[in-house]
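**Q** This is the structure, below, for whatever I ask next.
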Ligand SMILES: CC(C)[C@H](C(=O)O)[C@@H](O)C(=O)O
Ligand code: SF4
């Protein structure tokens, strides 16, 4: 057998049927479900008189439009209320496990999958959600699908897919202090562009990746989709196995599973369709200044000017982005003054993220003009952070401490920016209106967000204490 990449190995072991020139039929090991992209899928099953083929491989939670305030209060938004009720009814009718608002396991779908041990190496994982790429951190082939595909997988546990090309993103060297996995992935997107990964599955390799914790790997894989890629993956290793061990859905025959998982690594000499190399040691903390994640710069830089770009269409795009963002070309990024700070989302709301932010905030106060909130990625994380005293650090610093959900990552629930408000956010998207109509989003790491909350403007975390 010729040397294969991890992607090819997972593909080969899940291939059910292939006709030449047609998409392949793949077996899907795990489907995750949330309230926004599943109602029509279940409705389709109902209309066709079908059942969920493998309820044991299907898990649901509520995350996108859940309020993050007191859970004992009634839900005011009628659409949100209806979507949550519909998911509850559907899961009951079709025998799907649901972690609802009252569950101790509730949280953002991409946070709870790994947390419960559902996400495992060598798997194919889908969800009606683009950030399903997060699960690739475990050496799984994980990607977002549309609602009609959600229905297809519910009905058959299979999915039609065209084979993507492979791109290796080799991350050489190690982070300098203050630089994080978030800065790495923002810099990668800055390098390849938002369409750079189109048609590819990315595999992150290199010394830097091997040294990352599972949570950091999830941050990197999470944003693969913002570089246009179908999925992002990292080969499983001892860090991966150690993380999964002892979790609720970890395999009972763990050693045997590990032996199998070890085979899901790219072979020596496997050929990628493309390779991009990143010099990690040279990275600085990153801040997005525009309306795509690729409009990003080192914190030490100034807001660029349209004239810095050669192509006319790019100049126009930058001009438009700066107008929307209310920024003047040439402004030092550290002079950008903030109204809001949001620490949350499936990119950066796990326990290590909260620890990193709390470390910066300990004993300090949020600037008087800044409204700051922290939204743990799951109820487990919330509980753990409370037990570790992190919640107290956040509250004493003046942050609001919320219940788990997607929250201000996207404007689908009560946590939104007002028009014109400027926010430092640990989430993954900064499109126009993403956090609320007219809202202005700057994507950063948790420690950068925390330091910005205190100073009221961006600071270089490397010279801050
Ligand atoms: C609502 C959902 C379909 C969407 C996605 O697919 O990513 C959301 O999670 C997002 O981050 O924009
Ligand atoms: S936290 Fe944000 S990116 Fe993640 S699933 Fe929710 S809305 Fe999408």
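Placement of Cβ uses the backbone N, Cα and C atoms for every residue, glycine included.
These came from TrEMBL, pasted as-is:
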type	residues	note
BINDING	346, 406, 409	[4Fe-4S] cluster binding site
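Walk me through where these features lie, including what they touch and how far apart they are.
**A** Within the same chain, the residues at least 6 positions away from residue 409 ([4Fe-4S] cluster binding site) whose Cβ sits under 8 Å from its Cβ are 342, 344, 345, 346, 347, 425, 427, 428, 429, 434, 435, listed in sequence order.
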**Q** Applying a 10 Å Cβ distance cut-off over all chains shown, what neighbour count does residue 346 ([4Fe-4S] cluster binding site) have?
**A** 29
**Q** Please list, in sequence order, the residues in the chain of residue 406 ([4Fe-4S] cluster binding site) that are at least six apart in sequence and whose C-beta is under 8 Å away from its C-beta.
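**A** Same-chain residues close to residue 406 ([4Fe-4S] cluster binding site) (Cβ under 8 Å, separated by 6 or more) are 63, 64, 65, 66, 108, 344, 345, 346, 412, 413.
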**Q** I want the residues beyond 346, 406, 409 whose C-beta is within 8 angstroms of the mean position of the [4Fe-4S] cluster site's C-beta atoms, in chain order.
**A** 63, 64, 108, 110, 131, 344, 345, 347, 349, 377, 405, 407, 410, 427, 428
**Q** Which three-state DSSP class does residue 406 ([4Fe-4S] cluster binding site) fall into?
**A** coil
